[in-house]
Every structure is written in C-alpha cells, then in structure tokens.
Protein chains: 2
Amino acid sequence: MSCVEATPARSRNAAATRAAILKAACGRFSREGYDGASLRDLASDAGVDPALICRYFGSKEDLFAEALKNCASPPDLFGGDPKSFPERVAQMLVVEPKPEGKLEHLLMVLRSAASTKAAEIIRRNNRETFYGPLEEWLGAPDAAVRARAVAGIIMGFAVARAIDDDAMLQDGERQQLCRKVADLLRTAIG
Amino acid sequence: MSCVEATPARSRNAAATRAAILKAACGRFSREGYDGASLRDLASDAGVDPALICRYFGSKEDLFAEALKNCASPPDLFGGDPKSFPERVAQMLVVEPKPEGKLEHLLMVLRSAASTKAAEIIRRNNRETFYGPLEEWLGAPDAAVRARAVAGIIMGFAVARAIDDDAMLQDGERQQLCRKVADLLRTAIG
DNA sequence: CGCCTATGTCACCGCCTGTTGACTTAAGTC
DNA sequence: GACTTAAGTCAACAGGCGGTGACATAGGCG
C-alpha cells in the first residue's frame, strides 16, 4: 500500500507489458549477451515482475528467440541503393557514433553466440533472417559465397568495435579505415 | 574430453598441476567462453580439486588473464613469409578442418568478450599481443589502420565459423570463399 | 452492484556459482 | 624414523540464477 509506484502505472495491459518486456530483452541481450542478462535485471528494466516473463514467454530461451525476431535490424541494410551499399555499411560500422541501436540484432548475436542455450536459436535465426535475405539480395552467381564474405566483414568490424569500444583510432584514421572497409565490401560483393 | 590425461599419479608436483589447470582453462574458455566455463568443470578437466584453482591463481579473472597469455596463438601468423600471408590465413580460417587448436586465443577472445568481467582483461591483452605485434609486422604507413582492417577480417571469419560451425558451404564454395578471403586480406594490407 | 477472469505480486524452490578455511596427506630434510 | 611444510581434499558459505504455484487485485460484463 505504502509502496510508491515508480512507473506511471501501465494499467493492466497485457500487450503493452509483453512489448515492454520484449524491448527490455532486446536492450539487455544486445548489451550483455544471453548469459550476462538475467531475467531479474531485464524485468526491472521493463518495470515488471520477473515471474511475468516466464508467464508470457515460457522460458528465457523462448524470450531470446522472440527478441531475436523482433529487435531492431540495421534498417534498409540490404534494401537501399546497391551502388551505395559498401559506403553506407562501412559508415555505420566504423564512423557512426552510436550504432548500437541499429546494430542491436547483430550485437545480440555476437554477444550471445558463446552460450550453448542461445547458439542453436541463433544459427536457425541467422539462416532465416541474415544469410537468406542477403543471398537473395546479392543474387547472381555464387550468392552463397559472396553472402558469406559480406557477412564475415560485417561481423568482424562489428565485433572489433564491440570489443574495443572506439578507444583506439583518431578521426583521420577512422576515415581511412572507413574507406578501406568500403573497399573490402566491394571486393566481397564483386 | 575428461581425463585424457592418463597420468593418474601426478605425484604432488605444483608446476605440473598449475600447467594442467592452465591447459584445461585454455580449452574450456576457448570453447565455452568466460561465463560458460565453470571452475568446477575446468577443475574436472584438469583432474584437480576446484579449490586448488583459487589457491594457485587467486580468482577466476586472474586465471583467465593468465590463460589468455599462455594459450596457443596462431603459430607464426604474423611471422612467416609476408607474401603468402593472405593465403595462409585464409586457408586456416576457411578450409582447415579443425582450426580450433590454432585459433584458441582468438576463440577465447570472441567467446568471452560479452562478459563484463573478462572484457577489460581482453582489451588490455588485445593491444599488447594482437594489435601491437600486428602493427609492428605490417609497419610502413598507416600501420594502425591496416592492422585494424586485417584484424577485422580475421575476427569476422573466425566468428562466422564459430557460430555456424561449418554446416553451410560445399567444398567448391569453400574454396571460392577461401580465395575471396585471401583477396580481402590483400586489400586490407595494401 | 457483484462476479469472474485476466493480469500482476509474492514467496519460495532447487541448482549452480566462485571462494574460503579447516583438515589430511605426501614429500623432502635432518 | 621423526618432523616440517608444501600439496591436495573436503565441506560449507553466501549469493545469484531460472522457474513455479499460490495468492491478490483490477476491470469489463451481466
């Protein structure tokens, strides 16, 4: 009774609660990985009782799978102008200040891949929502090989940045690296 | 992979015990990451009481730091003939059947980077034993940029393989991808 | 209003984790 | 052979984890 409500009272709306949990899950999983993100912290982010998570999603693994489907993907990554694809992606991977939002899906994969529980879910999801669309978008001959090459580069520079967290290059060097990554992507596609 | 060590009587030899723990740590950490590898499993691998680990190394973090220094690095990765560097590395990353042994250090980094506890240790170690030597070996102009480019590619294809575990490409495609990765490395270096 | 079901809360379970300190035992020295 | 000390064992700790089932309550419907 005397307990103060910190959150502005989301009045018993199941859909909104589910959405809040899912959003918090995307954030936590992409920042801390599957093992590092506890259901309790996650629930606290969403302003929700931990027990509710299991009620709504069944288990942590199920929640992870759901979050993987619903979280932010790099918008229009494979969509926009194919001509500017290398520059766009290189820009996002190397120079963009806070790419975590756009890279949520990718970071979630990279930071959770070590976990046995999450690995299989990730593999399945990767084929359906990463390699699949990428191959289709690349089309032409050797789609599988070129898709793997592009994916390797994207993951590599994403993980490099996730590990080092920006603290290494000066601005000029960053621009150089960006051009080089664009070159690499062109090589991979071509 | 339990007691492969068929030496049931390691008769009270501190150095040998330390070495056994360190070896087991490299294996577990590179296969399961910092969070996924428990001291108990690790101790069981080494045929040792879990308490001994804390006695010898202080804490799990200290053990991880020590293992990171001592575990197998890609032998002669930056050492051999610079001319054949791209082919050698591409071969190891893409076609070699069981590169886990050679890639122990790299996998340990990739699979543990998500853990808060391990992250700082990894960053420090990376600069000292990965970017540092790589920059020195590359030398010439823009060493930092080219080192980052090479490192990004290596990490990217290592993590791609660690996630998908080989189950995707046919042999012909694998050869194609290998050539492409060698091309990428040449682009990165040049 | 009064009910009844969906929604949210709470206490608790069993398990596993890293770490510690007291204990036992083997090896090396005199 | 007795003693000392390094090396290894054991049980237990405090805390966190994912997950469950019993309870409380709000809100729409009759």
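Quick reminder: no glycine exception, Cβ is built from N, Cα and C everywhere.
Keep in mind that TrEMBL annotations are predicted by a computer and have not been checked by a curator.
What TrEMBL says about this protein:
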DOMAIN    A:15-75  domain 'HTH tetR-type'
DNA_BIND  A:38-57  DNA-binding region
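Model confidence over the DNA-binding region (A:38-57) stands at 96, taken as the mean pLDDT rounded to a whole number. Helix, strand and coil counts from DSSP across the domain 'HTH tetR-type' (A:15-75) read 49 helix, 0 strand, 12 coil.
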